Each structure stands twice: as structure tokens, then as C-alpha cells.
Amino acid sequence: MKAITIHQPWATLIALGEKEFETRGWRTNYRGELAIHAGKKVDKDACKQEPFRSVLAKYGLTADDLPTGAIVGTCLLTECLQVKEHTGFYALAGDSKHRIEGNEYAFGWYELGRFAWKLTNVKQIERISVRGRQGLWNWNE
């Protein structure tokens, strides 16, 4: 299975089903199963800001509770959409029928030319300690 390493709290937000798009500066042609790996870095400042703080609190979590160095979920990567417009309040991606706003917009980096990877069928799993890598990498379950 392919995997991607994501800093915290973003990896946990995906695993909880609170973040539908992962934003990247590069396009991928890969579609299919994807393991979400929580990297070693936790952005504690982000965890204290809204909407991160309140969404994590909904699950009884703070920055200190977030797993690192582990697979925390699986999903399907179904689309890779280029950001066509962003206003500071919402973004339009792909053929512009994908309007990204609210918490989803706050949880990503939607500058023009970046890519929004659409993640579906998200499943949170018991953490599995694994060393991460950059880019898409192969995880042998």
C-alpha cells in the first residue's frame, strides 16, 4: 500500500474524517489505497488555534495526545485537483466545481497552483509504529 507522511495535527484530522483534502505542492497520478502516516513533528501552535483546537477537543485531544511516527489511518486517494482560485475565505479546485471553505479551507494550504488530494473512505486505525519517508512511499503492512 502507498503511504504519505503528514505532520500533526493534520494527519489526525484526516484519520478522524475532519479533513477531506490533503494539500501538496506537487501533483500525483496515483489513485488508490493510501496509508496516513503521522510524522514526528507536531505543530503545537496550530493545535492552539481555531478551528484546530475545537475540532481536536471534540475528540478529547490536545497536541500532547497526538501520535507521531505511526500509521494512524487509511483512505482512498480518488482525485488530485489543482487549485484554480483562492480568496482567503475559500478555494476553487479542479474544474472549479469543488468549492473548499470553512474548516476544510482552514486545514489546508490552498494557494494557486497547489494541489488538493481528495481522500475518501477514511478509516482510523490503531497506531502502527513505522518510520516515515518523504513523498509517496510503499508501506508493507
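Cβ coordinates come from backbone N, Cα and C, glycine included.
TrEMBL annotations:
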type	residues	note
DOMAIN	4-92	domain 'ASCH'
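Residue counts for the domain 'ASCH' (4-92) by DSSP state, with H, G and I taken as helix and E and B as strand, are 21 helix, 40 strand, 28 coil.
In the predicted model, the domain 'ASCH' (4-92) shows an average pLDDT of 97.
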